[in-house]
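Chemist: One structure is given below, represented as structure tokens, and several questions about it will come after.
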């Protein structure tokens with residue numbers, strides 16, 4: 001393959017601020033250069049040769065740029081190349097609180113502010129939908145490096161604080177991998193990623209309220225192959241998205257205790273990363289220190305090498321952070337010197353892989369037979385079950401249910417699966433018989449297909465069994481196809497076509513009932529209490545007739561709420577109560593904020609009137625040249641300042657309430673769906 005040397009792309013993103021230090025940070029008109037100017041410190045004495053000017057030129061400058069423009073500039077081309085077989089890496093680096101996690105992940109509150117990870121997933125799925133003959137499958141992993149310990153953010157029931165000893169960085173023939181890291185197929189866009197974000201470690205210090213205290217590596221494994229298997233070639237690639245923890249100075253963050261320990265680990269690993277970048281940028285360097293830390297070891301295949309690499313450096317625009325900004329720009333310049341040689345991954349043939357697996361299966365079967373012979377289990381068989389063997393197992397299950405035998409001897413896995421299959425068939429037959437008796441009891445006519453003999457569920461069609469055996473012999477899989485035809489399953493589980501739910505119930509539906517419950521919570525509680533009293537009276541005055549009228553949808557819904565769905569209904573009501581209280585509180589806070597805003601406008605108008613009158617009558621100044629104002633105007637200024645502070649706090653409270661309302665609404669919607677599905 002032709003290797004074309006290519007520099008690592010380095011972009012700088014400036015965090016938006018109202019206090020941008022224009023005299024110290026100058027952005028070039030070409031949108032690629034940035035100049036830093038720092039005045040000499042008077043503590044340096046008369047002879048002070050310290051440098052005061054720095055100039056950096058990178059691949060792009062992102063200032064006051066939207067999330068969409070950042071993705072278009074930084075990641076879109078890299079993701080497109082990944083679908084062509086090229087590996088890609090995007091890394092966010094910078095001072096703590098400068099916007100690395102926002103750039104990589106985005107804000108979950110607003111869809112338009114989503115970051116690189118969700119947009120990359122969206123682009124891959126959109127491109128996959130446009131491919132007519134190519135099937136694209138995506139799998140993901142989410143690794144966290146916290147205090148030099150590895151954690152799987154997508155592992156179920158992750159216990160924070162206990163190190164997962166099974167995770168380890170390993171060197172293999174296909175490159176570096178993390179042993180024990182779970183890889184999950186991705187069919188939807190966001191749930192697993194959000195689960196990983198929830199498990200991530202954050203902390204608070206003076207520069208950032210939600211500071212990421214760990215390095216996170218989100219990897220997407222992409223596989224492209226033919227949809228109709230006419231072409232057995234398969235192309236693999238991966239995209240590594242790295243959100244580094246922020247570098248910080250302890251003197252500025254004021255970190256103490258555990259946060260201080262975390263900061264020392266973070267700074268140490270970032271220092272090793274910078275040493276690695278310096279070594280990669282030196283073409284004469286023979287030894288590259290990849291094994292200095294867990295972070296550098298994991299990134300061995302992701303920095304430079306044969307993949308497309310992009311660095312996004314996040315910096316502050318304020319003067320107080322100019323020293324850290326200068327340090328981050330130096331790192332970006334060193335990264336820009338690293339040379340990569342991107343080449344597409346070589347396609348492999350799935351057919352060869354299948355043949356290799358078949359040979360391995362045959363070898364394992366031979367080893368099992370040898371083991372059985374040594375253990376005196378010479379009658380053990382690992383071939384698919386025959387019709388006679390299935391009939392024998394069916395007979396044993398029936399004897400076991402009648403109490404003729406006390407237990408069924410276990411022979412192999414296929415026999416266990418067939419035993420469970422026969423239990424399932426018998427259970428289906430009993431369900432059908434019970435349902436048939438209920439229908440006949442309430443005079444609803446005969447069930448569709450009731451003329452079929454009861455033996456049709458137990459005695460399977462011989463041709464169907466032969467077809468299953470042929471499929472098992474062809475594929476060599478150790479699975480069992482459940483018995484019974486499709487029409488039989490539909491007959492057991494679906495209501496009869498002669499009588500529908502619409503004919504047995506009024507037009508009111510559970511969905512409508514839930515909507516009424518949302519609008520008038522108190523009335524719903526009263527109705528439910530009356531319904532319970534009525535049901536008690538009905539039970540006391542129940543006639544002796546053997547026939548009972550069928551339940552309507554409304555009655556079934558009420559019964560479900562009182563009995564089977566009682567717990568979920570209580571959860572629904574509690575969540576709904578919390579949601580209503582939050583909405584009422586949000587409404588009152590919004591009214592208060594609007595009242596404060598109107599009052600502020602009145603005070604501003606009064607101040608403008610004072611200012612105009614002062615201009616007409618003439619202004620008085622003191623010795624320093626400052627305008628002298630009267631006591632009324634001074635009182636208005638203080639009042640306006642106080643109103644602004646109240647408006648700011650009220651608006652922040654309103655934003656928090658909106659987030660709580662959105663979360664409660666999701667919980668209520670889930671409970672509503674469970675109630676409706678349970679009733680149906």
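Just so it is clear, glycine is given a Cβ too, placed from its N, Cα and C backbone atoms.
Just lifted these from TrEMBL, have a look:
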- 7-338: domain 'Kinesin motor' (DOMAIN)
- 94, 95, 96, 97, 98, 99, 100, 101: ATP binding site (BINDING)
- 456-478: compositional bias 'Basic and acidic residues' (COMPBIAS)
- 514-529: compositional bias 'Acidic residues' (COMPBIAS)
- 640-674: coiled coil (COILED)
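What does the local environment look like for each feature on the list?
Modeler: Proximity of residue 94 (ATP binding site) to non-local residues of its own chain (separation of 6 or more, Cβ distance below 8 Å) is seen for 100, 244, 246, 247, 313, 314, 315, 328, given in sequence order.
Nonlocal intrachain contacts for the coiled coil (640-674), taken as residues 6+ away from its ends with a CB within less than 8 angstroms of a stretch CB, comprise 109, 514, 518, 565, 568, 571-572, 575-576, 578-579, 582-583, 585-586, 589-590, 592-593, 596-597, 599-600, 603-604, 607.
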Chemist: Count the other Cβ atoms sitting within 10 Å of the Cβ of residue 98 (ATP binding site), across every protein chain shown.
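Modeler: I count 27 other Cβ atoms within 10 Å of it.
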